[in-house]
Amino acid sequence: MKSFPVAFLVLLIFILSVHRGVTTRGSDVAKFCCFQYSHKILPWKWIQSYKFTRSSCSQQAVIFTTKKGHKVCAQPKEKWVQRYIALLREQQQS
(Lines of atoms letter the chains of each structure in order from A; the text may use other names.)
(Lines give C-alpha, C1' and ligand atoms only; values in the text may rest on other atoms or scores of the structure.)
Protein backbone atom coordinates (compact mmCIF):
# COMPACT_ATOMS: atom_id res chain seq x y z
CA MET A 1 0.00 0.00 0.00
CA LYS A 2 2.87 2.40 0.69
CA SER A 3 4.13 2.02 -2.87
CA PHE A 4 0.90 3.45 -4.31
CA PRO A 5 1.71 7.09 -3.37
CA VAL A 6 5.20 6.70 -4.84
CA ALA A 7 3.83 5.24 -8.08
CA PHE A 8 1.25 8.01 -8.27
CA LEU A 9 3.96 10.64 -7.77
CA VAL A 10 6.12 9.12 -10.52
CA LEU A 11 3.14 9.10 -12.89
CA LEU A 12 2.35 12.72 -12.04
CA ILE A 13 5.94 13.79 -12.71
CA PHE A 14 5.86 11.99 -16.06
CA ILE A 15 2.62 13.71 -17.08
CA LEU A 16 4.01 17.11 -16.11
CA SER A 17 7.19 16.50 -18.09
CA VAL A 18 5.08 15.68 -21.16
CA HIS A 19 3.23 18.95 -20.59
CA ARG A 20 6.46 20.90 -21.05
CA GLY A 21 6.49 19.86 -24.72
CA VAL A 22 9.50 17.63 -25.09
CA THR A 23 10.25 17.25 -28.80
CA THR A 24 11.90 14.75 -31.08
CA ARG A 25 15.03 15.67 -33.01
CA GLY A 26 15.03 15.91 -36.79
CA SER A 27 11.34 16.67 -37.13
CA ASP A 28 9.21 19.79 -37.47
CA VAL A 29 6.46 18.17 -35.40
CA ALA A 30 6.67 17.93 -31.62
CA LYS A 31 6.34 14.55 -29.97
CA PHE A 32 3.92 15.78 -27.30
CA CYS A 33 1.10 18.30 -26.89
CA CYS A 34 0.93 21.62 -25.04
CA PHE A 35 -1.84 22.21 -22.52
CA GLN A 36 -1.26 25.91 -21.93
CA TYR A 37 0.52 28.77 -23.66
CA SER A 38 3.18 31.09 -22.32
CA HIS A 39 1.73 34.50 -21.50
CA LYS A 40 5.03 36.31 -22.06
CA ILE A 41 6.82 37.24 -25.24
CA LEU A 42 10.19 35.53 -25.23
CA PRO A 43 13.21 37.68 -26.07
CA TRP A 44 14.35 36.91 -29.62
CA LYS A 45 17.95 36.44 -28.47
CA TRP A 46 16.84 33.43 -26.36
CA ILE A 47 15.26 31.51 -29.27
CA GLN A 48 17.11 28.65 -30.95
CA SER A 49 14.43 26.64 -32.78
CA TYR A 50 10.72 25.83 -33.00
CA LYS A 51 8.38 22.94 -33.73
CA PHE A 52 4.63 22.60 -34.20
CA THR A 53 2.54 20.26 -32.06
CA ARG A 54 0.83 17.31 -33.73
CA SER A 55 -2.51 17.89 -35.42
CA SER A 56 -3.99 15.31 -33.05
CA CYS A 57 -3.34 17.58 -30.04
CA SER A 58 -6.37 19.35 -28.59
CA GLN A 59 -4.60 22.72 -28.86
CA GLN A 60 -2.35 23.69 -31.72
CA ALA A 61 0.85 25.26 -30.48
CA VAL A 62 4.36 26.27 -31.42
CA ILE A 63 7.07 24.96 -29.12
CA PHE A 64 10.09 27.23 -29.00
CA THR A 65 13.38 25.84 -27.73
CA THR A 66 15.61 28.39 -26.03
CA LYS A 67 19.40 28.44 -26.24
CA LYS A 68 19.43 27.00 -22.71
CA GLY A 69 17.28 24.07 -23.88
CA HIS A 70 13.99 25.12 -22.28
CA LYS A 71 10.77 24.32 -24.16
CA VAL A 72 8.06 26.99 -24.24
CA CYS A 73 4.58 26.58 -25.71
CA ALA A 74 3.19 29.56 -27.62
CA GLN A 75 -0.07 30.46 -29.37
CA PRO A 76 0.50 30.12 -33.16
CA LYS A 77 -1.83 33.06 -33.94
CA GLU A 78 0.22 35.58 -31.93
CA LYS A 79 2.05 38.07 -34.14
CA TRP A 80 5.34 37.67 -32.26
CA VAL A 81 5.18 33.89 -32.73
CA GLN A 82 4.61 34.24 -36.48
CA ARG A 83 7.46 36.77 -36.71
CA TYR A 84 9.87 34.46 -34.86
CA ILE A 85 8.93 31.53 -37.09
CA ALA A 86 9.60 33.64 -40.19
CA LEU A 87 12.97 34.75 -38.81
CA LEU A 88 13.97 31.18 -37.95
CA ARG A 89 12.98 29.98 -41.43
CA GLU A 90 15.12 32.72 -42.97
CA GLN A 91 18.08 31.61 -40.85
CA GLN A 92 17.64 27.99 -41.98
CA GLN A 93 17.63 28.99 -45.66
CA SER A 94 20.80 31.06 -45.49
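Cβ from N, Cα, C; glycine included.
Feature annotation from Swiss-Prot assigns disulfide bond to Cys33-Cys57 (among others); the stated evidence is similarity to another entry. Cys33 (disulfide bond) has a Cβ environment of 18 other Cβ atoms inside 10 Å.
Cβ neighbour count for Cys73 (disulfide bond) (all protein chains, 10 Å cutoff from its Cβ): 20. Taken from Swiss-Prot, the feature disulfide bond applies to Cys34-Cys73 (among others).
The feature signal peptide is assigned by Swiss-Prot to 1-23, with sequence analysis given as support.
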If you draw a 10 Å sphere on the Cβ of Cys34 (disulfide bond), how many other Cβ atoms land inside?
-> 24
Listed in sequence order, residues with CB under 8 A of Cys57 (disulfide bond) and six or more positions away | Cys33, Cys34
